[in-house]
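**Q** Pulled from TrEMBL, these are the listed features:
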DOMAIN    31-308  domain 'Ribophorin II N-terminal'
DOMAIN    316-422  domain 'Ribophorin II second'
DOMAIN    430-513  domain 'Ribophorin II third'
DOMAIN    636-687  domain 'Ribophorin II C-terminal'
SIGNAL    1-26  signal peptide
TRANSMEM  520-537  transmembrane segment
TRANSMEM  635-655  transmembrane segment
TRANSMEM  667-686  transmembrane segment
Amino acid sequence: MAGRRLASAALLTLLLAVAVAPLSSAVRPVSDAHRSAAAELFAPSADGSFGDLESTYEAVRTFHILGLDKDKSLTGKVCKFAAEKLASPASSLAKDLFHAVRISGALGCSVDPGVYNGVVARFKAVIKDTNSLLEFYYSVGGLLSIKEQGNNVILSDAESTFHAIKALSQSDGRWRYDTNSAESSTFAAGIALEALAGVVSLADAEVDPSMIGVVKNNIVKLFDTIKSYDDGTFYFDEKHVDANEYKGPITTSASVVRGVVSFGSVASGKLDIPGDKILGLAKFFLNIGLPGSSKDCFNQIEALSILENNRLFVPLILSLPSKVFSLTSKDQLKVEVTTVFGSAAPPLKVNLVQVLGSDSKVITSENKELQFDHDNNVHYLDIAPLKIDVGKYSLVFEISLQEPEHETAYATGGRNTENVFVTGVIKVDKAEIGISDNDAGAVESVQKLDLLKDTKVSLSANHLQKLRLSFQLTTPLGKTFKPHQVFLKLKHESKVEHLFVVPGSARQFKIVLVEYHPHPLLQFTLLVFSVIVLCSLNHDANRTNKDFLGLVEKLYYLSGRYDLELAVGDAVMRPQKKPHAHLHKLLTRSLQIWAKGRDITHIPCAREEATQGTLACIHESYTSAFYRILNRGPAAFASLFHAGIGAVLLLYVLFWVKLDLFTTLKYLGFLGIILVFVGHRALSYLSSASAKQKTA
């Protein structure tokens, strides 16, 4: 705007480069955001219920893990709901009894021992008669839950039950749901392993060690089918199952985690599972963020809770509280290493071993150890010595445990890669604007004016001249910065705006006047114009120049004051209100452009002549506008030429619909004469203008 003062001798802007990759969101431990999401997803209905028994158990279990205290009256209603199902075990499904028993155990509901005796008998009867994996899972799991609540429960035929479940396994580590199933399932493998672990826990004698070894081998084969992402995330999914049996990767992965950890806790020795796959599963569940359904929330939270407290490997998560660092404010690189629920990690060291650029080019391979802040439990490092400039980088960290015995108890994943974004104040100076008289754009032919001063700019140009803007951009390290995106907006004092979008390559940019709203009085005159502004943006090593050819003509001869707004961005634009805003106004100055020639005017009809003289007034207006167009030069003849082409096409349509051949040829000859005349004049003007510029 006119008279606006810049804050300093150098214009400043923050530039933030952002890139998105699949599953590249920040991996952070479980937080209060997960607790809020769980409370919302498992909100009880008006009568205080959570739905069926399965949904109720999932809500109770999730609240218990996250430490969410519910109203005691609500707990009483849930216990009563479970007790009603346990009161009639003979007529209840094993699945319903299984969930009712687990609800009672999770909430500590008071259940009469006689009630549990009937439920135990029901479960044992199901185990004896079934060949379904799900029935085995519900019955064995229900018995184990009753035992964990302090009741004496023994499975006398544990050996045969173990063999019956194992008989449904496949050579690739997956399981079938029953003997009639044609396809095997990864989800079924998880519940089978959990059922086998329950059988071992309920057995009155040791289960055959050779069978335990066979199951361990099946687990190794099952982990051979695990899938992964490039960032070290691992997950399980189904291969070939019916649509009604497909559970999705979250439910399937959670099932495998429950089964593998459960079996590993009862089997002698340690399972041969790599620690990086355990860590990758933890990353998978954390990468979910805040789930969108109660089922996913339950599977996420319970799987992470199981991984937090397992005897295989406890995953340690490396995370960054912030992934955006400012060179200007000298931010520190901070790294946290915790368990999945944010508990403190054992003594360890974190080293930055490599820095990669956005093109995977190695910036530095110098090994730097991060300092440890005991008070805040974070590792930190100053980024200034790294000599990295603004942009996107990949930081490669390495975690090393200080105690040897911890290496078999914790999974660190070796090297961890995190994407970060470095920002900084980009200095913009030597901003100039002027009128260039020829294509060469020599210094002596450009009327330069420093826009950093508190002045107005008055310019006068014709359609053969160009408006030139130039400025320099430098990074905090003094390197030349070349913007990826440039936007220019010229706003006339009449509120008419001209927006120029500047895409292009490193050497040349072309911009198009994408929006123009003519004044209603000029509507007819401007309808015959089809205007596209092509402007070149020439880059050299130090400067960025934008030349707008024939700017005055493209502004439709609207003389007056213009507010000029120039915006520069890099990679991805962000809203200006965010802390690290990306879109900033580099220049805002008033400039006055006066066209050499009279403005276009409109000849209105007098109100009193609106009835009898309407046709005469319209004819006078159209004729006046036509002669004014003829006086406008090459643009007018070019527009008339295109209009003539449109008339010819319209004539063809009329010939097809109504006219005969001879009438059409007569009109076509008349239009052809006009096209030859205006086309010749347009080419003559262009040839003459080019010759004048070459001789200038």
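Glycine is no exception: its Cβ is also placed from the backbone N, Cα and C atoms.
Since we're looking at a predicted model, the values are computed, not measured.
I'd like to know what surrounds each of these features in this structure.
**A** Across the domain 'Ribophorin II C-terminal' (636-687), DSSP classifies residues as 49 helix, 0 strand, 3 coil.
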**Q** Taking every residue in the domain 'Ribophorin II C-terminal' (636-687), what is their average pLDDT?
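**A** That stretch averages a pLDDT of 81.
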**Q** For the domain 'Ribophorin II second' (316-422), DSSP counts of helix, strand and coil?
**A** 8 helix, 57 strand, 42 coil
